[in-house]
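Heads up, the thing below is written out as structure tokens.
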Ligand SMILES: [Zn+2]
């Protein structure tokens, strides 16, 4: 009863404690001023496919990318099978053929990736939760401990035999992918799979262990390039303290709760526009542009542009040195060609949605 009254009072504004309004105004300027204040020490970023599209990485959900027709040539019982763990164990070839096709030559991290790098360098980034499997956060220089790759990545691979589970690195896997060999464990000849989360697999334990404390400490949540449609990732936005401002940088508004649900007290979704809006800010457009605009307000724009220029030049120089085009490059090269198949709910992935709904990012 107490709970119900609290919920009602919070939702209908019938007394009770009102959440504090931390931002002076619900705009990018408001967020920028808060970011520069003493109060903002821990920023958590949640990102999806939309931050990598400007790097040229195709989104599974966009039918125009050719991914559709590619899949048809793999003789799959249905398209989703290519990312199902049970199918993969029997027929790994289609997945590795796709991985070869999508393997990036030299994907460069985007302005948005380097904006997060700046947050890290300035000691403000508590954690980046990414749904992407392209490893571009690592390439951009985010430290592994600052990173939660919620849907796994190509960065490491493991032997699938439970008694073995030997780990392999990206160069090892890349070599096999490009020699069109199905990767077999050197120790036991078991099948080796990149550590991306397939349908039917759990999310990494790191996701569940870190979110508990991260989402209690977070002073500012920045959500970029994701339509927040994939669980359990999407539910993270509702885990922040009630005073914590949330900034969405995306092509469209997302994450708002259903009006009826919100009336019933389950109003943890984003609220950008209602009379009660007090902490959520939406900046609509390309992620890179949003980050540049925020950087400008923060007085970081020059620094950000210089970082992008320097890092991109270094990647290009390395590619020229490596010389071998697609398969060249070092260990920190981008590893995956696309976004991970999205887990549906709970910890374990369920039957995947139709292909048109794949991808964890923006439409
Ligand atoms: Zn093995």
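Here the Cβ of each residue, glycine as well, is placed from N, Cα and C on the backbone.
Quantities reported herein were computed from a predicted structural model and do not represent experimental measurements.
Your range for region 'Disordered', going by TrEMBL and the list 272-317, 318-363, is 318-363. When Cα-Cα distances from residue 132 (NAD(+) binding site) are compared across the binding-site residues 159, 185, 188, the shortest belongs to 159. Checked against ligand 1, the recorded positions 151, 159, 164, 185, 188, 251 give 159, 164, 185, 188 as the ones with a Cβ under 6 Å from it, listed in sequence order.
For the recorded Zn(2+) site, residues 159, 164, 185, 188 set the reference point as the centre of their Cβ atoms, and the other residues of that chain within 8 Å of it by Cβ are 160, 161, 163, 165, 166, 186, 187, 189, 190, 192. A sphere of 10 angstroms centred on the C-beta of residue 159 (Zn(2+) binding site) encloses 22 other C-beta atoms. A straight line from the CA of residue 151 (active site, proton acceptor) to the CA of residue 49 (NAD(+) binding site) spans 12 Å. With a 10 A radius on its CB, residue 52 (NAD(+) binding site) counts 32 other CB atoms from all the protein chains. A coil conformation is recorded for residue 52 (NAD(+) binding site) in the three-state DSSP classification, outside any helix or strand.
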